[in-house]
Every structure is written in C-alpha cells, then in structure tokens.
Amino acid sequence: MGRLVEGRWVDQWYDTKSTGGAFKREDAGFRDRIEAGGRFAPDSGRYHLYVSLACPWAHRTLILRKLKGLAPHIAVTVVHPHMLDQGWTFAEPEPLYGYQHMHQLYTHARADYTGRVTVPVLWDTQEQTIVNNESAEIIELFNSAFDGLTGNTSNFAPAGLREAMAEINQLVYDDVNNGVYKAGFATEQSVYEQACRSLFEALDWLEGLLAQRRYLLGEQVTLADWRLFTTLVRFDPVYHGHFKCNLKRLEDYPSLLGYLRELYQWPGVADTVNFQHIKQHYYYSHDTINPTRIVPLGMGPDLTLPHRRETR
Ligand SMILES: N[C@@H](CCC(=O)N[C@@H](CS)C(=O)NCC(=O)O)C(=O)O
C-alpha cells in the first residue's frame, strides 16, 4: 500500500510515528458536486463509479446507487480485494483506459497529485477527471442530483432531519465508522485502548437508542442508517478479530443485530454485500496486522433470519 507524492507512487504504510501511534485519516482530494447547469451536470452514462466491495466507505455509494435507481445510469468497476504494494488494482484492466492500478486514474485526473489513493471514486468520462472521492458527499449527490433523470424521488436526507442527522453522523463517524480503524491501526497500547473503549461506548448508546426507535432518526431510514450499516455488517466477521474490537460482538447487541438484519434485508441491499471480498481484503492486505494472511473462517451472524423490528 502507498500514496502518490507529486504524481509519483510511493509504497508506504500509514505513518503513525508522527502522531504518537494514532491513525489519522487524510481528507479526500476531489470535492466537486453534480448539479444541473454546473460543470458536472447530471446525465445518464456520463459518470463511472470505482469501488472496492470490501470498503465500508465505498459500500455506502453502492447502496445509494441501488436504492436510487442509478444502476442503469452509473456503471461500476470493482477493484481486486487485495490492496498490496501498488495499492488498489484491477483484476482485469479497467474499462475506460485499460489501467491496472487505481493510482493511474488519480494521476490521469491530476498529474501532480499528492495524497492517498482511495475508493470510492466518482469519475466523469466527459472531462476525464474525478468529480468526488469522498463517500459522504457522493451519497448526498446520489440522493438527489439525478432525480430528474431517474424519477426516483425517495429522499434519505429530508430537510427536517438534516440537523439531527449531522449530529448523529459525527458521533457514528468518529467512534464507529472511523473508530474501528483507529483501534485497528493504532500502534500504541493506550491509543488502541481509548479508541476501543470509545467505540463500545458508542455501540452501547446506539443499542439503547435502537431499542426505542426503529431507525437512527425515528420512523424513516436516512443516510445516517446506511452509513452505520456498512460498519455493522463488517463487525463480527472482521473488526472484532482483525481490528481487535473485541469487548463484545455485534451478536451480543439484540437491537443492533435486529437493525442490521432489517437493513440487510432491505430490497437490493444484500446484493451490495460481498463477504468474500470483505474478509479477503482486510485479512490479506494488512501485512503489519496479519502477516500470515490467514483468513479466519467465521462469517458473523446469519443476516437472513427474521429481524423482528416491526414493533419498534
Ligand atoms: N474519506 C474517504 C475515505 C475512503 C477510504 O479511506 N477508503 C479506503 C478503503 S476502505 C482506501 O481506499 N484506503 C486506501 C489508502 O488509504 O491508501 C471516503 O469516505 O470516501
């Protein structure tokens, strides 16, 4: 794994020395929007989505693409689950340029790019550049920018819930979505312990909330739920063991487990979950955490069982 420095690929692991053993995530480098009349206008077939099926951030974009009926309009290319010395690579050369590595797309977009080469990437085939590589923003775009094209007006970010959603997103991001990474990539005992404790405090709190409410913000599924879902679905098969998030299993939280099952069973969502890629990616790619590359057998809870959430 590595990063681009002024357009040159450099093979290096996360630098935790300069941060006292803590993993600090870099901000995404491409942050444009899609809007009618703008530089990037909504259009069928113009945009291409690059994802890893293992990645929880990319997973959000796949879910929104599915739920918003964008599949016929935005094609997807999936990277190989193993992220090794060249970073993300394509099992087959990718369809637009025949590239073998994700970093080639980044330097195609910006020849002197400096930063991490991450998925998801929303690519514009017209301007031949990256529109956006921040999943939180890509799902916002998918939620509304193409409605005129698809006629799909289901809204996962209603105006009246925006403020509450931003608040819960912040907590879920810091302590859960990114929390598992902070625990897993820590290289100092105390930093790991703090991240792990904050993660389980947040899960305990969410368990209480979801005992009362069907979804994070009440009766309606929102982006906040899909953002939490992609971490929960990876929890027992990967984060519990690989990232040492093992004070409890997700299976030990009855409300979170039922909630996870309900979201998994939402029409179209199970098709976006690929446990083979999820397990292969983490256990095989993180040399410093699992040098033997043995992939454990456990699959986590059966998500197809009844969720029993109707009465919430
Ligand atoms: N802020 C980004 C983060 C995406 C991200 O970190 N993706 C991971 C995969 S799960 C990645 O591509 N990592 C490669 C790297 O850090 O070099 C987003 O949410 O879109």
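Glycine is no exception: its Cβ is also placed from the backbone N, Cα and C atoms.
Taken verbatim from TrEMBL:
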- CYS55: active site, nucleophile (ACT_SITE)
- TYR181: active site, proton donor/acceptor (ACT_SITE)
- TRP88, ARG116, VAL117, THR118, VAL119, GLU134, SER135: glutathione binding site (BINDING)
- 158-285: domain 'GST C-terminal' (DOMAIN)
- TYR239: site 'Lowers pKa of active site Cys' (SITE)
- TYR282: site 'Lowers pKa of active site Cys' (SITE)
Inset, instruction - Name the secondary structure element type, per DSSP in three states, that contains VAL117 (glutathione binding site). - result: coil
Legend entry - Around the Cβ of ARG116 (glutathione binding site), the count of other Cβ atoms that are within 10 Å: 19
Inset, instruction - On the DSSP side of things, how many residues of the domain 'GST C-terminal' (158-285) fall into helix, strand and coil, could you say? - result: 94 helix, 2 strand, 32 coil
Inset, instruction - With GLU134 (glutathione binding site) as the reference Cα, tell me which of the recorded positions CYS55, TYR181, TYR239, TYR282 is the closest one. - result: CYS55
Legend entry - Residues among the recorded positions CYS55, ARG116, SER135, TYR181, TYR282 that border ligand 1 - Cβ under 6 angstroms, in sequence order: CYS55, ARG116, SER135
Inset, instruction - From the recorded positions CYS55, TYR181, TYR239, TYR282, pick the residue whose C-alpha lies nearest to the C-alpha of VAL117 (glutathione binding site). - result: CYS55
Inset, instruction - Filter the recorded positions CYS55, TYR181, TYR239 down to those whose C-alpha lies within 10 angstroms of the C-alpha of VAL119 (glutathione binding site); answer none if the list is empty. - result: CYS55
Inset, instruction - Whole number in angstrom, please: the longest C-alpha to C-alpha distance across TRP88, ARG116, VAL117, THR118, VAL119, GLU134, SER135 for glutathione. - result: 17
Legend entry - Listed recorded positions among CYS55, TRP88, ARG116, SER135, TYR282 whose Cα sits within 10 Å of TYR239 (site 'Lowers pKa of active site Cys'): TYR282
Inset, instruction - In whole Å, note down how far the CA of the residue listed as 'active site, nucleophile' lies from the CA of ARG116 (glutathione binding site). - result: 15
Inset, instruction - Would you mind reading off the Cα separation of CYS55 (active site, nucleophile) from TYR282 (site 'Lowers pKa of active site Cys'), to the nearest angstrom? - result: 9
Legend entry - Long-range Cβ environment of TYR282 (site 'Lowers pKa of active site Cys'), under 8 Å and at least 6 residues apart: ALA54, ARG234, VAL238, HIS242, PHE243, ASN290
Inset, instruction - Please give the average pLDDT for the domain 'GST C-terminal' (158-285) in this predicted model. - result: 98
